[in-house]
Ligand SMILES: [Ca+2]
Ligand SMILES: [Ca+2]
Ligand SMILES: [Ca+2]
Ligand SMILES: [Ca+2]
Ligand SMILES: [Ca+2]
Ligand SMILES: [Ca+2]
Ligand SMILES: [Ca+2]
Ligand SMILES: [Ca+2]
Ligand SMILES: [Ca+2]
Ligand SMILES: [Ca+2]
Ligand SMILES: [Ca+2]
Ligand SMILES: [Ca+2]
Ligand SMILES: [Ca+2]
Ligand SMILES: [Ca+2]
Ligand SMILES: [Ca+2]
Ligand SMILES: [Ca+2]
């Protein structure tokens with residue numbers, strides 16, 4: 001059995017995109033290869049850097065579209081987030097109205113709940129509104 | 001009641017721009033989502049990075065226009081600065097004469113007074129005069 | 001009466017964003033200042049270069065989001081396209097499924113119908129899918 | 001019936017990647033929307049700019065891997081090349097040994113045969129070997 | 001007598017900045033050295049490329065600040081525009097409300113009136129509003 | 001006898017490229033000059049930074065090609081990895097299906113086994129899939 | 001009385017440029033706004049970053065011109081260096097012959113003597129001679 | 001028989017580098033695939049763009065090393081220059097003293113003699129000496 | 001006898017820098033290799049592109065230093081300008097006061113007089129004063 | 001007596017370039033101005049950053065040319081390395097065959113022997129071979 005045999009979205013023929021509201025049930029995890037001694041006899045520490053330049057949601061006050069690059073870094077414990085499921089999850093903000101700070105906080109908390117990492121950060125590099133870009137960051141460290 | 005229900009400038013139909021002098025009463029705050037346990041059960045630390053590339057004021061000695069990118073970073077305690085109100089506040093320096101160091105110091109102190117952050121920095125990346133750019137920075141840390 | 005007194009979207013207090021399908025009725029025009037001899041006694045030729053880096057629609061086959069920078073250049077005859085109405089029009093593709101070539105062709109034809117320019121081009125710089133960006137261009141010249 | 005209803009590779013659940021030799025039968029075409037008067041009443045001229053930064057094949061003399069960005073520009077007559085089929089076609093060079101000049105010439109001729117464009121160019125931006133990049137270009141114009 | 005002996009603004013101790021409305025009387029010209037056979041026995045053709053990255057005015061509908069880089073190119077006949085006077089002229093738009101297309105058209109016509117060039121172009125590279133930059137250009141050629 | 005006299009791949013007339021699966025037996029080491037007191041009487045600490053922008057393998061779920069830049073940093077103890085053997089080793093992933101995290105973990109462990117460094121890191125900068133790049137890193141430190 | 005009322009060079013009608021040798025008497029200081037409790041009730045720490053890309057002097061051995069960007073950073077105690085006086089001071093090296101290391105050391109010592117900062121650094125980014133740029137840095141910290 | 005079967009340097013086990021003087025006998029050609037109707041039934045026009053960033057020779061007056069990027073573009077008739085032989089040829093300038101203009105002229109003439117192209121250009125982008133880069137270009141067109 | 005045997009400044013032990021005023025007598029020429037049939041049997045056309053990023057002079061009105069990159073392009077007839085002599089000539093503007101347009105015109109005319117080229121252009125990319133760069137160009141073509 | 005009065009290579013009329021093998025006797029030192037209390041009463045710490053983008057040597061296995069940018073940083077004690085002598089020393093590797101790691105180690109040790117610095121690092125940014133750049137670094141710190 002491979003590491004990924006239970007994944008639903010990657011490589012499947014039909015993908016159900018959802019756009020109404022942030023949907024954490026779209027997220028999927030798989031066992032980290034760094035956590036398996038036969039694959040990692042040297043005991044190397046694994047980390048991930050992920051950039052999602054195509055994030056979009058709506059402004060909750062005006063309804064206008066907002067755009068951002070979402071940057072995620074984390075050190076897995078036993079689980080990693082699967083890439084296509086992350087794409088679907090971030091896509092589910094498309095028709096949702098939420099402030100920049102709240103979206104970044106939500107993504108951080110949803111990922112921490114999914115994979116219980118050692119640490120994880122989310123930065124939202126939103127494009128300017130009124131000539132000014134606001135970039136919130138959420139930083140989690142396991143207590 | 002949403003986090004932002006008391007905001008006046010964002011999404012309102014009429015905006016009263018003021019250009020005569022720096023006006024800290026234009027600034028508005030809203031409750032930080034990072035400070036609310038139901039929104040942030042993981043206890044992630046939130047920070048903000050903000051760039052305002054369209055700042056302009058006047059030289060107090062010669063009256064000539066000065067231009068700068070104002071860069072603000074902070075860690076909120078219970079309040080965040082609202083984005084459109086920040087735009088209006090920075091716009092209110094338009095016809096005001098003040099030296100670079102004093103403007104940066106003023107912006108830092110006005111924001112600290114508004115939101116009582118854990119820390120906050122303001123950097124003014126002024127364009128060159130006489131071929132030389134001067135970039136003052138003010139760094140506040142809560143004692 | 002100013003050049004813009006009939007505009008509906010710019011500066012109005014409430015903006016009705018529409019996201020279901022491309023809606024050319026959102027587009028508005030205003031008289032070109034280049035076409036008015038008292039404003040342009042030298043008879044200068046006016047042209048416009050416009051970039052819309054925040055365009056998004058859906059793939060008609062898979063439903064996945066597509067992203068693009070839309071670049072428009074034109075030489076007005078007697079009318080110019082108004083900027084905020086163009087933003088609303090481009091935003092109306094948000095939940096619409098259409099191929100890259102067809103969207104670019106549609107935007108070109110909708111703008112030609114609105115303002116009857118001397119010439120007009122639309123380029124769609126779509127982000128990669130399968131590692132490959134496709135960038136269609138439509139070029140109109142008045143016969 | 002949509003423009004693309006006969007396409008096989010895009011959106012299908014199973015994709016058969018072939019890597020042994022260049023396989024022009026993988027290429028598919030669809031009717032150009034620019035060629036249809038109801039979609040293009042203004043008669044705009046359509047062109048395409050395509051970049052494939054992930055091309056790889058083998059050196060026919062040494063067997064070492066070669067890498068390139070393949071850049072394609074063309075003006076369709078009645079047919080366009082479909083994007084996913086182009087990806088599969090370019091992927092089929094993976095285990096094939098061929099010189100830079102010959103690969104670029106082959107891609108140009110295979111695409112001309114598929115869609116009979118008004119003109120079409122292919123440039124291969126190969127990475128350096130011996131410190132020197134060789135970039136061949138093939139330019140076709142319908143006689 | 002030097003070429004510049006009648007200039008008022010350059011090198012003077014007191015500069016009167018005006019910010020209320022565009023003021024073409026601030027512009028000054030000086031004799032082109034390219035037009036003087038003793039200085040230019042080879043008969044070289046002179047041209048000028050000028051960039052003003054610090055232009056700001058107001059939106060006539062909302063009163064909000066607009067920012068632009070103004071780029072000017074021209075071929076003088078017998079007169080050149082003096083650099084400091086051009087700075088003062090462009091600064092006089094500071095508190096003036098005007099659309100992008102109209103400002104660019106005005107600058108072009110004011111300069112043509114001042115120096116009667118063989119040709120002259122003005123491009124306004126305005127920063128984005130609503131995520132979209134509009135860049136008008138005015139091109140004059142002596143009939 | 002030079003430091004490199006036992007190397008097989010560098011400078012040899014025939015190179016046997018292998019593409020079926022990752023093959024650690026292709027890797028070769030040579031004695032570090034930093035570890036030899038006659039060459040390094042000052043006792044300088046040596047480190048290596050290596051970038052391999054031409055890495056490619058296959059997706060284990062879909063069979064599609066993946067591309068990455070592999071970045072390696074290490075501090076040798078008594079051995080260094082030979083450059084041409086590293087090229088052959090990384091080339092051996094060409095027809096192998098493996099997830100990003102697993103490939104990076106494998107390269108790290110294979111190099112640690114070869115040269116027993118004081119520390120060694122491997123970062124895989126994979127190109128985007130679904131618009132999102134995933135960049136895993138493995139960090140080893142000798143206990 | 002403003003902070004700057006004793007300044008001589010800024011805004012004065014006549015500027016006496018001196019080019020024969022480095023002249024520290026040209027430097028002027030003004031009271032730091034960060035050091036005044038009424039202006040800085042939050043007690044923010046102020047720092048300055050200054051870049052002078054137009055520095056030139058002569059080589060003391062060959063007499064050929066040398067060019068550099070001079071970069072200065074400091075934390076003021078009670079005094080700041082005034083910007084126009086700094087320009088005049090740096091201009092006074094124009095006809096002076098001195099090695100790169102000595103000029104950077106001199107600028108650092110002259111500024112420390114003027115404003116008694118908490119720390120101050122000067123970096124000279126000299127353009128290449130013989131294909132090689134030399135960049136000396138001087139770092140002062142108050143004991 | 002393949003297009004390249006007579007090549008000597010590519011893929012051979014032993015390479016004889018020569019560094020004493022420019023040696024045009026090192027250059028080799030192979031038949032252009034663009035010139036063969038069975039490979040190019042569309043009759044596409046082939047061109048080549050080649051960059052050699054690692055060119056070095058000596059100054060004939062002072063003996064100091066000179067460095068350049070050599071950029072070659074050409075349209076082959078029946079022959080192409082082989083890449084490894086071009087590397088060896090350019091390497092043969094290593095210990096040769098010659099002025100920039102003369103080297104560029106020599107490379108152009110040696111290549112024209114080898115492959116009789118329809119047109120061919122050589123540009124030498126030499127690094128600065130005395131702060132000034134000189135870039136000669138030679139342009140050949142078949143009469 | 002080599003092409004350069006009469007040159008005085010290149011490779012000589014002592015160089016006399018002059019800084020008081022533009023001195024065209026510093027310029028030297030040498031025979032163009034492109035003009036000699038034995039060196040250029042293909043009859044390639046030679047051109048030169050030269051950039052001088054370290055030009056400085058004084059403002060004739062205020063005495064302040066001005067800085068520019070001087071860019072020269074030309075097609076020689078029988079003579080080329082020697083590189084070190086050009087450096088000395090451009091250095092001779094160091095203490096000279098002259099407007100941008102006049103300096104560019106002067107350099108163009110001095111070079112035309114020296115080498116009688118088929119065509120020659122000089123562009124002065126002056127650094128901003130008052131936030132605005134002025135870039136004059138002079139273009140000569142042999143009648 | 002100036003700091004540099006014993007230097008041989010800088011400003012001398014004849015320069016003897018040596019290219020056969022690395023020759024540390026070409027290196028010269030001069031007294032650091034930072035180490036002289038009359039020049040540095042503030043006691044500023046001096047450091048140097050040096051980049052040599054034009055380094056070339058040969059591969060000891062194949063004889064092919066290698067190219068690198070050599071980057072040197074150090075904190076002098078009482079001596080600095082003279083710039084022209086460093087150029088001659090690095091040039092002496094031109095016809096020498098040596099591996100990347102060994103060259104960087106050699107340069108570090110030769111400079112430490114010359115000037116006994118407090119610390120010194122050498123990084124060799126070699127251009128790619130086989131598509132892969134190897135960048136060794138040597139770091140010395142005085143025990
Ligand atoms: Ca990034
Ligand atoms: Ca993954
Ligand atoms: Ca930034
Ligand atoms: Ca906000
Ligand atoms: Ca653009
Ligand atoms: Ca591109
Ligand atoms: Ca398509
Ligand atoms: Ca520009
Ligand atoms: Ca001027
Ligand atoms: Ca190596
Ligand atoms: Ca900088
Ligand atoms: Ca200041
Ligand atoms: Ca080739
Ligand atoms: Ca020359
Ligand atoms: Ca650097
Ligand atoms: Ca030095």
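Note that Cβ sites are derived from N, Cα and C of the backbone, with glycine treated the same way.
As annotated by TrEMBL, active site, thioimide intermediate applies to F:59. Summarising the annotation, TrEMBL assigns active site, proton donor to F:66. Positions annotated as substrate binding site by TrEMBL: F:81, F:82, F:83, F:100, F:101.
All features noted in TrEMBL, drawn onto the structure.
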{"residue": "F:59", "record": "active site, thioimide intermediate", "contacts (Cβ under 8 Å, 6+ apart)": "F:65, F:66, F:97, F:99, F:129"}
{"residue": "F:81", "record": "substrate binding site", "contacts (Cβ under 8 Å, 6+ apart)": "F:27, F:28, F:29, F:111, F:114, F:115"}
{"residue": "F:100", "record": "substrate binding site", "contacts (Cβ under 8 Å, 6+ apart)": "F:66, F:68, F:124, F:126, F:134, F:136"}
{"residue": "F:101", "record": "substrate binding site", "contacts (Cβ under 8 Å, 6+ apart)": "F:136"}
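Around the Cβ of residue F:83 (substrate binding site), the number of neighbouring Cβ atoms within 10 Å comes to 24. For chain A, the nearby binding-site residues by a Cβ gap under 8 A, listed in sequence order, are F:101, drawn from F:82, F:83, F:101. Following the DSSP three-state reduction, the secondary structure of the residue listed as 'active site, proton donor' is strand.
Selection of the recorded positions F:59, F:66, F:81, F:100, F:101 by a Cβ distance under 6 Å from ligand 10 yields an empty set. Other Cβ atoms within 10 Å of the Cβ of residue F:82 (substrate binding site), summed over all protein chains shown, number 23.
According to DSSP, residue F:81 (substrate binding site) is assigned to a strand segment. The number of other Cβ atoms within 10 Å of the Cβ belonging to residue F:66 (active site, proton donor), over all protein chains shown, comes to 24.
Checking the recorded positions F:59, F:81, F:82, F:83 against chain J with a Cβ-Cβ cut-off of under 8 Å leaves F:83.
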